[in-house]
Amino acid sequence: MAQSATTMEDEFSKMFLKCHKCNDEFKDENKHARLLPCLHSLCFDCLNKTKINDQLQCPTCEAKYFVNDVDRDCPRDNIRRDLVDFVKVKQATTTIQCSICPPSYASYRCKQCAQFLCSECKTRHSRVSATKSHTLIEITKLRQTLDLNDFCQQVNCNDHPENQLVMYCTNDTCQKPVCVSCAACINANESLDSVATAKRELIKKEKLPLKDVSTQLQQVIKDVKSEQEKVTHLKETNEKIITKTFDELEQIISTRRDDLKKTINDNASLKLNNLEAQGKQLSDRKLRIEESSKFTNQVLAHTNSQTFLQVFQTIHNRLKTLTESFFDKEPHEMATFGFHGKEIISEIKTDVKDMANMWSFSAFPPNSKIDVGEELEKNKSETFSVKLRDFENNMPFQENGLDITYMTIVLKDPSGKEIECDRKLKAGSTDELDVTVKPTMTGRHTLEVKVLGRVVDSKDFESKPAKVEERSDDSGFSLMEPDMVFESEERNISAEPLYARYPAVKPTPTKNENSSKDSPRRGQVTNAEERIIRNRGQPISAARTAVKSSPRDSTSAFNVDPFATLKAFVGYERQRQPEPERLKTLQENAKKEDSTTVFNSAHRPGSTPTTAQRTRGARKYERQKQPEPERLKKENAKKEPMRRAVSYSSVFFGKDNKKGSS
């Protein structure tokens with residue numbers, strides 16, 4: 001347990017209290033700590049030795065920086081000075097010498113002067129008028145506390161050494177703590193503690209995203225290690241396959257075998273080197289984040305606003321850089337390669353070099369491209385290109401270029417069913433595929449590119465219903481596709497009747513004596529039918545909307561529904577057809593008999609009509625006696641175009657309409 005604590009103290013001392021180059025403990029004067037943009041520290045001597053022509057390279061992370069102004073780009077880190085005293089006091093076995101008379105052991109520490117004092121010096125310190133109000137704390141008590149406030153040292157102004165830093169200049173060109181004399185010159189009016197509090201909160205908020213970045217890095221590191229293991233496993237597996245195959249043909253292919261083993265080792269080494277390099281980069285980045293987090297925690301735990309604000313901008317810039325700097329979130333290599341030895345035994349004598357080849361594949365999704373649109377049409381074939389690239393933007397297949405033998409492209413529909421797509425090399429290309437896909441249903445589809453069963457890239461797209469298209473003949477009539485249906489309806493029905501593009505009969509309602517509403521006469525279209533016909537020049541969807549939005553008309557011969565267009569056409573046909581023989585007989589009888597006789601002759605035998613039925617019969621008799629409206633007389637002059645409409649209706653309904661061909 002004691003050994004573990006000692007190890008932690010050594011690590012803490014190495015990370016925060018010693019120069020990362022010379023490994024000397026930070027002290028005042030030329031050995032004071034300077035904070036680099038990467039949050040590593042150097043003493044002032046090493047900083048001057050390392051900086052060459054305004055170029056500085058961190059000895060820890062090897063990051064390079066341009067340093068023009070040392071005080072601005074690499075500020076003095078006085079927090080380390082306080083931490084040095086804190087560690088000295090916490091190490092109970094260490095005796096601390098008096099800062100005034102070094103041979104003596106210190107038993108007190110002045111909080112304001114940051115000096116360790118022996119008993120005699122403590123007495124003199126309390127007598128001097130300039131220091132008698134200072135706070136003196138016993139070292140034994142300091143060892144029992146964890147409050148860093150007792151170790152905070154006052155920082156004086158560089159321009160006015162007699163003044164402490166108590167204000168903060170918020171000017172864009174300044175942004176640093178100042179003393180009262182400097183504040184009077186530059187009109188600074190911000191309290192040092194208030195600014196420090198706000199800056200601390202800002203650092204806390206900027207530190208939060210680092211956790212997510214660290215988690216992502218950890219996952220990518222895990223994926224990289226997994227690929228390393230798979231590459232190693234595949235390397236060993238393929239070596240065994242190669243060895244077994246070429247042992248049977250040792251006399252013929254021994255040279256080729258060595259070449260292929262070298263190739264697979266080169267490819268595996270390349271993958272492993274790339275993955276190892278990526279893993280090292282990610283590990284280094286994660287380490288930088290952890291180091292920065294630890295350092296930030298130490299800074300936030302330190303309550304000296306003066307020292308904190310001196311390093312705030314550097315910490316702020318570093319945290320922002322660590323959070324926003326880009327890194328690849330996918331392994332640079334993939335464990336996707338193998339040995340091609342199909343039918344090698346029987347055909348090796350023909351051309352051993354062409355028969356056996358080593359292939360290696362790496363696809364990096366951010367650099368690959370599946371050129372398929374966001375939306376495709378149902379039951380319509382589309383051809384698009386697939387172009388895969390590795391993390392260096394090179395061809396994914398090495399050695400002999402793109403070999404589609406090991407590649408499959410699968411279309412996954414919304415139900416999860418997988419359909420293999422046709423693919424072939426693009427004409428004139430060795431690294432691009434033409435892929436043909438045909439969605440058979442609507443909804444979200446996924447296109448997956450697989451190598452040896454592993455998905456190396458994918459893209460989602462939406463499949464939409466087939467578009468509605470119309471054809472028209474020379475006369476201007478619109479002919480719908482014979483199999484065109486609306487998916488929202490259960491019955492197959494053409495989207496728009498033919499007569500909707502032909503001048504239809506205009507409704508002429510008549511008013512009955514005993515009714516407050518207009519009732520359609522036989523052969524007339526209703527108000528709902530008229531609204532449908534007026535939509536003949538609008539798109540199909542608008543015509544359907546007009547039908548559905550039509551109110552229920554009590555005088556209509558039918559209830560308005562999605563199929564009202566067909567009923568309107570039937571009403572039109574009814575209008576131009578001759579009177580049925582039964583009604584003609586009734587009309588002849590009406591001349592001789594009263595309305596009751598007419599009604600009784602039309603009523604089914606064996607039943608006695610009611611009063612209401614007799615009344616309706618009388619009204620019907622009166623309507624039959626009325627002459628034809630002038631509107632119908634005018635329509636008789638249009639018989640020829642009406643016949644043409646009837647001929648189209650036979651196409652519409654799929655059978656001849658033998659009625660009304662006058």
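Yeah, the Cβs are placed from backbone N, Cα and C, and that goes for glycine too.
Pulled from TrEMBL, these are the features on record:
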type	residues	note
COILED	210-237	coiled coil
COILED	265-292	coiled coil
COMPBIAS	573-595	compositional bias 'Basic and acidic residues'
COMPBIAS	619-643	compositional bias 'Basic and acidic residues'
DOMAIN	19-62	domain 'RING-type'
DOMAIN	93-139	domain 'B box-type'
REGION	497-558	region 'Disordered'
REGION	571-662	region 'Disordered'
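The list of residues near the domain 'RING-type' (19-62) in space but at least 6 beyond its ends in sequence, with Cβ under 8 angstroms from a Cβ of it, reads 13, 68, 70, 73-78, 80-81, 84, 284, 288, 291-292, 295, 311, 314-315, 317-318, 321.
Helix, strand and coil residue tallies for the domain 'B box-type' (93-139), in that order: 10 helix, 11 strand, 26 coil [DSSP]. Break the domain 'RING-type' (19-62) down by DSSP state and the numbers are 10 helix, 11 strand, 23 coil.
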